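Participant: Here it is, the structure, as structure tokens.
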Amino acid sequence: IDGSLVSRLFTLYFPLLVQTYIQGIIIAICGNILISVSLNIQKYTHIRQSQRGTKPYYKSVLWWCGISLMGLGELGNFAAYGFAPASLIAPLGCVSVIGNGIISVVFLKESLRASDLLGGALAVTGTFLLVTFAPHFAPHVTANMVERSLTNWEFLAYLLVEVVVFCILLYLYKCRNMKHIVIVMLLVALLASVTVISVKAVSGMITESILGNYLQLTYPIFYVMFAVMVASCAFQIKFLNQAMKMFDATEVVPINYVFFTASAILAGILFYQEFFGVSPIHIFFFVIGCLLSFVGVFLIARTRPKIKMDRVFISMGQIPGKRCTDKVQPEAKSSPYGSLAAKLMCNSGTGTEES
């Protein structure tokens, strides 16, 4: 009787779980596409402003449209965590990289390289494997569930290790002045792990409240996780901006994607038990999908060939009627500044004497 009851419940709720899972995937993909569109709109605004040299970019309506689309896309990613596992939503960030590459080639007329095609094919293949073999069932995130997960010894051990590693990296970065890209991006990834846990907790509790199952907003843990989410996001953006100032974007983007995805998957495994009961073959192909997405993002984000500006230089020795001295080194027995200025001056060909 118990087995029959379990079978009936599984048959009843399985379509609902799959539907919720697909909704999360669709929301995440749409959100990442909006982010890629917004980035290209902002890029186009900067290009147009630099060519025209008119009003600042932040006074452009088009630029604010791009910012609005980015906010809408990030809101979609936030909502997706309430429907699908975090270990799936985080890797789907490669959709934004793929969309950005396609839009920049079609609309901004950027060059299309062979590595872009190969990277796009690998990223699409990896995305397909992720969607197919990722955990299809995520536990309902409630306040009681979050409180229990916070007291699990696996998560407490992980949190202790993360705090220790974060303090060591921060000491090396701030006190020892070690400005290596791996150190900065590891700081971002460790904060991102906390961000993913708190974002999914907040999004999941809001989703449960909207669906009418239980009102989760009355529990104090909701506001605790909300505060953790805001704080971790703020510090994550701070370190990420510092990385963008010190290093090239073609280095920061793929490394951040790899580290963020790895930290999100680890958080989903330890905190939300997302891979509990998943078969080894599904785990194997999920890892393969992650690796393919990593390589694809790296190939797409590689340094693009810089546009060569045609500059015409005229040798001063070739100007008709002008001659210039060859030596510009100041003489030892004369005033350095006066002698250097005199040597740099070009005199007319009528035989004017040097000063």
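Numbering starts at 1 and runs along the chain as displayed.
Glycine too: its Cβ is placed from the backbone N, Cα and C atoms.
Fair warning: this is a prediction, and the values are worked out from it, not measured in the lab.
Pulled these features from TrEMBL for this protein:
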type: TRANSMEM; residues: 20-41; note: transmembrane segment
type: TRANSMEM; residues: 61-83; note: transmembrane segment
type: TRANSMEM; residues: 89-108; note: transmembrane segment
type: TRANSMEM; residues: 117-135; note: transmembrane segment
type: TRANSMEM; residues: 155-173; note: transmembrane segment
type: TRANSMEM; residues: 180-201; note: transmembrane segment
type: TRANSMEM; residues: 221-240; note: transmembrane segment
type: TRANSMEM; residues: 252-272; note: transmembrane segment
type: TRANSMEM; residues: 278-301; note: transmembrane segment
Participant: How about the transmembrane segment (252-272) and the transmembrane segment (117-135): do they have 3 or more C-beta pairs under 8 A, pairs 6 or more apart in sequence?
Facilitator: no
Participant: Who are the long-range neighbours of the transmembrane segment (278-301) in its own chain, taking Cβ under 8 Å and residues 6 or more past its ends?
Facilitator: 87, 91, 94, 97-98, 101, 115-116, 118-130, 132-135, 249-250, 253-254, 257-258, 261, 265
